[in-house]
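Structure first, commentary second.
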Amino acid sequence: MAMEFDLIARIRARVAARGDVVLGIGDDAALLQPPPGLQLVVTMDALHAGVHFPHGTAPADIGWKALAVNLSDLAAMGARPAWCTLSLSLPEGDAGLVDALLDGFLALAREHDVALVGGDTTRGPLSLCVAAHGFVEPGRALRRDGARVGDDVWVTGTPGDAAGALAALQAGAAVDRALRARLDRPQPRVAAGRALSGLATACIDVSDGLLADLGHVCTASRVGAVVELEALPASPALARFRPEMRWPWQACGGDDYELCFTAPPEHREAIARALAGAGVPAARIGRIEDGQGVRALRPDGSAWTPAVPGYRHFQDPSPLL
Ligand code: ADP
Ligand code: MG
């Protein structure tokens, strides 16, 4: 059983340096030097065992995901990530568990040149609470409140994969490897968010389900939206399912951490170019209209209503317990 400071020393020994970290882990607080003229973008998200990841998830995947969901929020703002902090709650002072959590956490941090600059370490049920900090040029942040009537609605990647993996897990069925990877190691769309800054009118990351999250954009922007189910891009693994089976995953499944964004039709080509440059596929799935709420349409034009619109923490039973 390691002591708290031993654990912190293990963490400190592994973090990469960044030029703008004047003082990192080890003092009462970190000293950070933001670039002049840029706005600081701050976000925080916690991951709790049994709520945000199934019991039995590999610790390295938990570590990865704890940072990924936060970098996804920065991506959805069009921000460039820089720093993060980690509040760690552990049932026991298990150094091996800390090492394994960090394997995933720091692997993703390296990919995005994010420095872990501080945190807290306490005893309790396994959970990771991460804050992430990034920068954006003034006026260039991607907000939820900028969607306009007539805008296209777009989504990156292939939403629904994580929900497909979860459905198989819950059914006790074999889980497709590609789908499982999407659930356990989501790739925050940081490059896409940066590329969309200046082109998209509004943006959100899909954590609670595409229709539900697009609904947040609509509420903030005081508009409505229509989504064509036929236009939802399906990964090869999902395309093997009947549409009626996979639509709920694609339209309402959370945990994919793709970006849903809006942009005027005259930006179509520029968006395709910008996202190709970022190496991220995207599809047009609908449009913004007058009114409120999100309508989903079947290929024949009839309205489709999902059984469960999206995950709600204080209303739904945990999908993982
Ligand atoms: P304090 O009692 O002043 O809060 P702590 O013992 O909690 O000090 O932390 C000591 C140092 O280690 C601080 O710089 C803190 O930010 C850092 N730290 C503690 N836990 C973590 C963690 N899980 N990840 C990264 N840094 C941590
Ligand atoms: Mg502390």
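Yeah, the Cβs are placed from backbone N, Cα and C, and that goes for glycine too.
Note that this is a predicted model, so its numbers are computed, not measured.
What TrEMBL records for this protein:
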type	residues	note
DOMAIN	26-136	domain 'PurM-like N-terminal'
BINDING	ASP28, THR43, ASP73	Mg(2+) 4 binding site
BINDING	ASP28, ASP73, ASP205	Mg(2+) 3 binding site
BINDING	ASP45, ASP73	Mg(2+) 2 binding site
BINDING	ASP45, ASP120	Mg(2+) 1 binding site
BINDING	HIS52, ASP255, TYR311	substrate binding site
BINDING	GLY119, ASP120, ARG144, SER207	ATP binding site
DOMAIN	148-295	domain 'PurM-like C-terminal'
BINDING	ASP208	Mg(2+) 5 binding site
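Sequence features annotated in TrEMBL and their locations in the structure.
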residue: THR43; record: Mg(2+) 4 binding site; contacts (Cβ under 8 Å, 6+ apart): ASN70, ASP73, LEU74, MET77, ALA131, ALA132
residue: ASP45; record: Mg(2+) 2 binding site; contacts (Cβ under 8 Å, 6+ apart): ALA66, VAL69, ASN70, ASP73, CYS129, VAL130
residue: GLY119; record: ATP binding site; contacts (Cβ under 8 Å, 6+ apart): ILE11, ILE25, THR85, LEU86, SER87, LEU88
residue: ARG144; record: ATP binding site; contacts (Cβ under 8 Å, 6+ apart): ALA202, CYS203, ILE204, HIS216, VAL217, ALA220, SER221
residue: ASP205; record: Mg(2+) 3 binding site; contacts (Cβ under 8 Å, 6+ apart): SER72, ASP73, ALA75, ALA76, PRO188, ARG189, ASP213, TYR257, GLU258, LEU259, CYS260
residue: SER207; record: ATP binding site; contacts (Cβ under 8 Å, 6+ apart): VAL69, SER72, ASP213, GLY254, ASP255, TYR257
C-alpha spacing of HIS52 (substrate binding site) relative to ASP208 (Mg(2+) 5 binding site), in angstrom: 11
Binding-site residues close to ligand 2 - of ASP28, ASP120, ASP208, ASP255, only those whose C-beta is under 6 Å away: ASP120
Cβ under 6 Å from ligand 1: qualifying binding-site residues of ASP45, HIS52, ASP73, ASP205, SER207: none
Neighbour count (Cβ, 10 Å) for ASP208 (Mg(2+) 5 binding site): 20
SER207 (ATP binding site) - helix vs strand vs coil (DSSP): coil
Average pLDDT across the domain 'PurM-like N-terminal' (26-136), rounded to a whole number: 96
Sparsest Cβ surroundings (other CB atoms within 10 Å) among the binding-site residues ASP28, ASP73, ASP255: ASP28
Cα separation, ASP120 (Mg(2+) 1 binding site) to HIS52 (substrate binding site) (Å, whole number): 20
Length of the line joining the Cα atoms of ASP120 (Mg(2+) 1 binding site) and ASP28 (Mg(2+) 4 binding site), in Å: 11
ATP binding residues GLY119, ASP120, ARG144, SER207: largest Cα-Cα distance, in Å and rounded to whole number: 31
The domain 'PurM-like N-terminal' (26-136): DSSP-derived helix, strand, coil residue counts: 35 helix, 45 strand, 31 coil
Binding-site residues (HIS52, ASP120), the one with most neighbouring Cβ atoms at 10 Å: HIS52
Secondary structure tally of the domain 'PurM-like C-terminal' (148-295) (DSSP, helix then strand then coil): 68 helix, 30 strand, 50 coil
